[in-house]
Amino acid sequence: MAIRDLSVLLGVILIIIMLVIPLPGWLLSVFILINISLALIVILVSMNTVEALQFSIFPSLLLLMTLFRLGLNVSTTRSILSKADAGGVVETFGTFVIGDNPLVGFVVFSILVIIQFLVITKGAERVSEVAARFTLDAMPGKQMSIDADLNAGMISEQQAKERREKIENEADFYGAMDGASKFVKGDAVAGIIIVLINIIFGLIIGMVQMDMSFTEAVNTYMQLTVGDGLVSQIPALLIATATGIVVTRVASEGNLGTDVTTQLFRYPKLLYIASGTIFFLGLTPINFMLTTTIAAILGFGAYWLSKELEAPDLPTVDEEEEAESDHMKSPENVVNLLSLDPIEFEFGYALIPLADTSQGGDLLDRVVMIRRQLAIELGVVIPVVRIRDNIQLNPNEYRLKVKGNEVAKGELLLDHYLAMSPGIDDESIEGIDTKEPAFGLPAKWISEELKDEAELSGYTVVDPPSVVSTHITEVIKQHAHLLLGRQETKQLVDHLKETYPILVEEVTPEPLSIGDVQKVLAKLLREHVSIRNLPIIFETLADFGKMTSDTELLAEYARQSLASQITKQYVDSGGTLKVVTVSGEVEQMIAENVQQTEHGSYLSLDPDSQQTIIRSVTERIEQLSLQEETPIILCSPSIRMYLKQLLDRFFPQVVVLSYNELEPNLEVQSVGVVKVA
């Protein structure tokens, strides 16, 4: 352990020794001066801190210094009562304060104790209680404010983490100060009791055991007791004052001295008034020269401050131009422009109330819930959504960007509701024809007066914030694979390694790199397969990663391991999976045209064959659309990924499953066949 680590430990051991072993007078004097020095350092540090957390060790330090001071009291009391001597420092303090009148010294000491106990200690204790309670009460609001700033893109993830830690540290600090303030109060009470013990038993011991007269005993023990009380209570007073300063300190840009001078002398006119008041006091029997001098000093100070405020130090035009030029030349100024936000939501000025909490907007809170929901649903941490207004957009327009590219847009009418048709148009419901932005369904913007009527007619009616929340959710789902890069994959792997270290070590860095794992996970997300069950996926990669490095093939194996999850994703309410099957002829056509290369495999179908398959799939999809069924195609495992690659260019929403991705006891119903006409 380093010396600084041992210092506190040795100090506590020394305090214990002081409580047991008698100390010589010279050593007591050394410890008393150390006690005064430490108290002076503490109050100076407390005055120089900008915020309370800069002196976070204060509660623990308060306990240690209180214990040290009480240890000194025990040692000096033992020395006073046994030898009528407590060292040169105690005797000097007693002689200086008492002089020839012990009663005056005792009164001075009593006043000092009363000031500390009734004024400073009591106030610091109450302020500590209130600060602790209000800090705890304010924690939820501060946390929500941090989340809102994070979602708005005003701060980064790291800054949000630091702010949350600061809030937690503040709560811990003020909670500790609430308890530590009791030490200060107890120390003041103990000081009074110790002084009374020294006086009473000192008189008894002096007259009974040392054959002193009453006058000699009073002079001797009163002097030593008051001296001991002073050298004990002066540091205690400094510590109590430091306690009050720390708990009443409001976070600012300067220390206490800077804030006092800045705020107290901010208004020169008030100093003129104070100067005039002091001058008129001099017209009374009060000393005229003294009051006039003070009034003149205040008046000169007010004049000087007023001149300072009238002529603030402003940078010259040349300095401003030079600073601006240096800023533009700075390489960091260009580098900062290169970064892209993973997800951006931009909107026109008419949609500002959506995100403005002062106008009742809750978009920021909705985005927080969306990120949490998708993290649970997809198994991937969704990055912060940067929300900002854009004057280049139409007033009611918004758009969504992923990695800097626009992927979706829409329009909102904040004073209307979006009514989606049940399938039968009701001409009595008037509105502005539009399309629901997330799924492209026919809809109408209707006024609030028609909301109840539309709902009774079977329309699904939603408010604008819900419309945009649904759109954001669907866009993130569709592009989740683009948001999962190597860095994000590394974070997921590190998190998995905390609970499955052996499994992770068997997969990466050998035989698969983080890049290979990222490709497998991205392929799963691309087809809306959740990767939340990461242990199962890694078990599959551990089994097959040594056999092949083809990420396409590894993703297929992972899908088969997640058969139960995939099946539950697409079965209807009755537990039946309705699918379109693929004829053997089509499967053979695809299988025969798969080309193998050193970089993987791909489908190489001639255009006529492609059109034949696409035409057949189109017919089946149209039939399912009339029945409002999700288009799901079922085929053999060997051609699944190639058929999906072919259909992605024409029908990206079509789900393609293989027989190996179905649960054994699942009820499957064929509603059509993809075949060659």
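Each position is counted from 1, following the chain as shown.
Cβ from N, Cα, C; glycine included.
Matching 52-72, 640-660 against TrEMBL, the residues noted as transmembrane segment span 52-72. Long-range contacts of the transmembrane segment (103-120) within the same chain, counting only residues at least 6 positions beyond its ends with a Cβ under 8 Å from a Cβ of the stretch, are 94, 97, 185, 188-189, 191-192, 195, 222-223, 226, 229-230, 233-234, 236-237, 240-241, 243-244. Within the chain carrying the transmembrane segment (272-305), a Cβ under 8 angstroms from the stretch's Cβ atoms is held by residues 265, all 6 or more beyond its ends.
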